[in-house]
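Read the structure below first, then the notes.
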Amino acid sequence: MTSFFFFFFKSGVALMKVQECTPTSNTICSVLPGYFCVESSGSSCTIGQKHQSCSPGQFISRKGNAKEDTQCENCPEDTYSNGTLTECKHHTKCKSQGLKEKRPGTRAVDAECTEHTNTAAIVAGVIITILLLAVVVLIILNKRKLQEGLRNLHHKDTPSQETTLTRVEAQSRESSGTEDVTTPLGNV
């Protein structure tokens with residue numbers, strides 16, 4: 001006699017026929033893969049139930065079989081599992097990899113790492129750059145004021161043509177004894 005499998009689902013029963021009935025024995029059924037037997041009659045399963053799935057933060061401590069459900073346990077501290085692992089994994093140690101911890105790990109997810117950003121160095125660099133620019137601007141402004149001051153001083157010390165002529169005319173009047181009204185060079 002050939003053996004064949006026959007699957008049937010009767011309101012979640014989830015069984016398959018393993019052996020047909022014979023004149024001396026009843027049909028023997030077993031659960032489908034991923035199920036376990038919750039009720040049986042002799043060597044035949046009459047009701048099967050789906051194995052439980054472990055939740056994130058739990059690991060599969062004992063894998064289910066045809067007779068027993070899957071057993072789950074919570075992950076210990078500093079470990080994680082997505083619920084499908086047979087043992088919890090240790091969280092990534094960001095510091096030991098030269099990285100910064102962006103988000104700490106939980107029992108359900110690993111720690112998330114990111115590159116270091118040296119905020120203090122960036123701020124210091126920006127401040128120093130601003131200060132250097134301010135010093136350069138002040139030096140340029142002071143240099144311009146100094147040049148203007150030197151130009152003005154040079155013009156005060158060097159008499160203009162008009163001033164020189166007026167002095168010469170005044171001296172010649174004194175020596176001649178006349179008091180004439182002087183006019184600027186352009187009107188003579």
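Glycine is treated like the rest: Cβ placed from N, Cα and C.
Here is what TrEMBL says about this protein:
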COMPBIAS  173-188  compositional bias 'Polar residues'
DOMAIN    29-72  domain 'TNFR-Cys'
DOMAIN    75-113  domain 'TNFR-Cys'
REGION    156-188  region 'Disordered'
SIGNAL    1-16  signal peptide
TRANSMEM  120-141  transmembrane segment
For this session: Take the domain 'TNFR-Cys' (29-72) and count its residues per DSSP category (helix H/G/I, strand E/B, coil), listing them in that order.
Result: 0 helix, 24 strand, 20 coil
Problem set entry | Secondary structure content, the domain 'TNFR-Cys' (75-113) (per DSSP, counts of residues) | 3 helix, 10 strand, 26 coil
Problem set entry | Confidence summary for the domain 'TNFR-Cys' (75-113), mean pLDDT rounded | 94
